[in-house]
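Peer 1: Please read through the structure below; I'll follow up with questions.
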Amino acid sequence: MNKQRFVVIDVETTGNSPKKGDKIIQIAAVVIENGQITERFSKYINPNKSIPAFIEQLTGISNQMVENEQPFEAVAEEVFQLLDGAYFVAHNIHFDLGFVKYELHKAGFQLPDCEVLDTVELSRIVFPGFEGYKLTELSEELQLRHDQPHRADSDAEVTGLIFLEILEKLRQLPYPTLKQLRRLSQHFISDLTHLLDMFINENRHTEIPGYTRFSSFSVREPEAIDVRINEDENFSFEIESWEAGNEKALSELMPGYEKRDGQMMMMREVADAFANREHALIEAPPGIGKTIGYLIPAALFAKKSKKPVIISTYSTLLQQQILTKDLPIVQDLFPFPVTAAILKGQSHYLCLYKFEQVLHEEDDNYDAVLTKAQLLVWLTETNTGDVAELNLPSGGKLLWDRLAYDDDSYKRSRSEHVIGFYERAKQIAMRSDLVITNHSLLLTDEGSHKKRLPESGTFIIDEAHHFERAASEHLGKRATYIELHTKLSRIGTLKEQGLLKKMRQLFQRNSLPVDSFFELEEWLQHVQAESDAFFSSVHSFVKRRKPKEDLNRLVFKVNKESQDKSWSILTDGAERLCSMLTHLQQLFEAQSSLMEKHLKGMKSKTVFLADEYQRSMKGLQHYCQTLQKLFFGSDDDEAVWIEIDAKGAKNAVAIYAQPLEPGELLADQFFARKNSVVLTSATLTVEGSFQFMIERLGLSDFFPRTMRIESPFSYDERMQVMIPKEMKSIQDTGQPEFIQDTARYIELMAKEKQPKILVLFTSHDMLKKVHQELKHNMSASGIQLLAQGITGGSPGKLMKTFKTSNQAILLGTNHFWEGVDFPGDELTTVMIVRLPFRSPDHPLHAAKCELARKKGKNPFQTVSLPEAVLTFRQGIGRLLRSAGDKGTIIILDRRIKTAGYGRLFLDALPTTSVSEMTDSELEAYVAGEKE
């Protein structure tokens, strides 16, 4: 290390391509020697061309700042000398290296033959769980100051500090991990080999505590599993006794705690439902401390009954929040340990045995190699093996499918020293008082003979407004072109490096007959060709029936009316495809018996290959069964539909089926088998009644307890609701004018001081058009415009960017109507563009309406309207999440005042402070807020 010299470079430029005439406007460097920064260099450069406005806005570097500076040629020799004999380090190396190399060459200098290190790549490897790898994100994660992002001197400084953190992290890795990283390093962008050799030599004879060996790599030494401890026999497990002595303790544990009557009411209601073996629905608004409100009675009941309580959520985010934020508070309120565990489905957990096999496969795919490197480092840190802890590249997600735990993993992955992650998670769950899971696993477990969750009769369903949807998705079926294509690609051909070629070589080595592989290859090619033709036909079929819709995503409902001559051509295609897949399965079964007979007891690498081949073939069989059910096995109590990417590939098709009334199945297969299920959410009622939700969930025959807790917030003082009088309806003006008006009102609200505006849409197509209207003006105003599905990143990343921005507008659809929290100043205004009615063309919704009609009910009153009111309440609930929050709601849909049903939406508002305003009144309000 003492002899290593690293030069960290950052450049600001007029654009992205030096070959197209873009120029450097600032260059900065920090020199690192002996583990510390020893020198700094920074120069503004005259590009001899105008700096574009957006670059000036991004960097803060203006034409005036560089007009009297020297051109790059004047500093070229100094830069050359700086880099001579050093590593070239940069954040996104190709960008900075490309510009420096080009400018040096123009100035008559050849870039020194130096090795390169990319801190984006290295950060991904050594910090595999970080949320993002931009300089600002890394600075935040590593708690480094980054005062002026997009200034070369500030960026180079923070890149240097990040690089020092990377070196230190590499130095601390155990010897086996470093050895495996060394083997992969030839595929990295960074020239890491010599550095890894140095760290390997340092660690060769060092036994670093806290790790254990699994085959060729190291894993973190697992923590001891907690054992249930017998409680004090004199302790009273009744909620009243607990409540009397713990209010003071709660106030000490929770900053800003105020006595919450609603929380205490909820505790008593949950405790009574458990004690009386009853089901219950509890509507708990923001601010009452809902999670604590059910965790305390759940912990008391689990201790008293000596059986776990299962807590199920819809989102993984809430699972983690319960375990890390709320549970520690609860644990501190008892004189004995309250144990808890998160348990997810098998596919969330890494199978160590599979990883060992895949790690040693030769792989030229960059994302796959990067993922292997990330996993090697992560295994020295993780206690759970849960993929949710990782930030994998897109190709890494495909690799994970090969590495995830499955039913065969247990018999393959047993080790003398290391328990598999999934077995460990199950063991912890079996010994816990509270088990936190998700709706999907809960429903899977109920329908399976092979139980994953511990036996329990007592459940809490949080985010219960999603429970019916989760059941519908779980009980439904789906077949896509991409799914079949991925399965076929994994098997491959005898010419490609897929499973088929490897298995033929394996059969040859073991003197087994290989003729079946040639026939299999022929039929696999037939299946690929038939699937291409079939899904292209489905795509064309849907496009012909939706010729006027200018949407990217087209949806077509399959029913008896649609089954004409063209439809019969599709069913013939589906039948042919299923017949070919069935024949493939028959050919495979002949091979399977040979494998069973001759490949048992072989080396683990051989067994792994055979297992993966069998899984892939079984995957085709399962796909065939699903396709058959979708086309030939659906019945009247299901909705079947097709979705296509109209502007995408000609076979970009997905076919779905979901039950219309999952509540009936929930009643028979879940609620009837449980002692007590408490369902809770902030939105379970319509017009103050639980009846809609009771019917939807199949609870009518169980006569559940219900409780609606009043909000602790004084909404009249904290929430202003405004309805613009001059906003015209889309029916009166048409969509183009409605889009323009929507953009105009967003711009009006953006004039407030430090605007943080969430705009909720019901259509992504409309969102895109409004974004197009806003884009130019928002860019000029300096307000950050974020749009779901347009500005890049997942909803989670958009949320984070929005939260950390001083001034921002976020345009969102479905995801942002619920389940996102923006406390305090993170959100000032929520704008609702249209009341959130489901599209009447959506097949599942249309089928539910048709079913209601057949039962003699009004589908609008019994299906569409209650669903829309619940979603509306969720959207309104984004604004005030904690005590002290204030904000404004703008509703642009005039139907809330003009339609007869508008009263239900007005009644759903938690405030009476509702005003209709002219544009001038609205402008005056915004101006007043700004002062």
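Numbering starts at 1 and runs along the chain as it is shown here.
Every residue gets a Cβ built from N, Cα and C, even glycine.
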Peer 1: For the record in Swiss-Prot, which of the ranges 182-185, 346-349, 462-465, 802-805 is the motif 'DEAH box' one?
Peer 2: 462-465
Peer 1: If you count the C-beta atoms lying within 10 Å of each candidate's C-beta, which of the binding-site residues ALA284, ILE288 ends up with the smallest number?
Peer 2: ILE288
Peer 1: On the DSSP side of things, how many residues of the motif 'DEAH box' (462-465) fall into helix, strand and coil, could you say?
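Peer 2: The counts are 2 helix, 0 strand, 2 coil.
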Peer 1: Across all protein chains in the structure, which of the binding-site residues PRO286, GLY287, GLY289 has the highest Cβ count within 10 Å?
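Peer 2: Result of the Cβ crowding comparison: GLY289.
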Peer 1: Across the domain 'Exonuclease' (7-162), what is the average pLDDT of the model, as a whole number?
Peer 2: 93
Peer 1: Which of the three DSSP-derived classes (helix, strand, coil) applies to THR291 (ATP binding site)?
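Peer 2: Assignment for THR291 (ATP binding site) reads helix.
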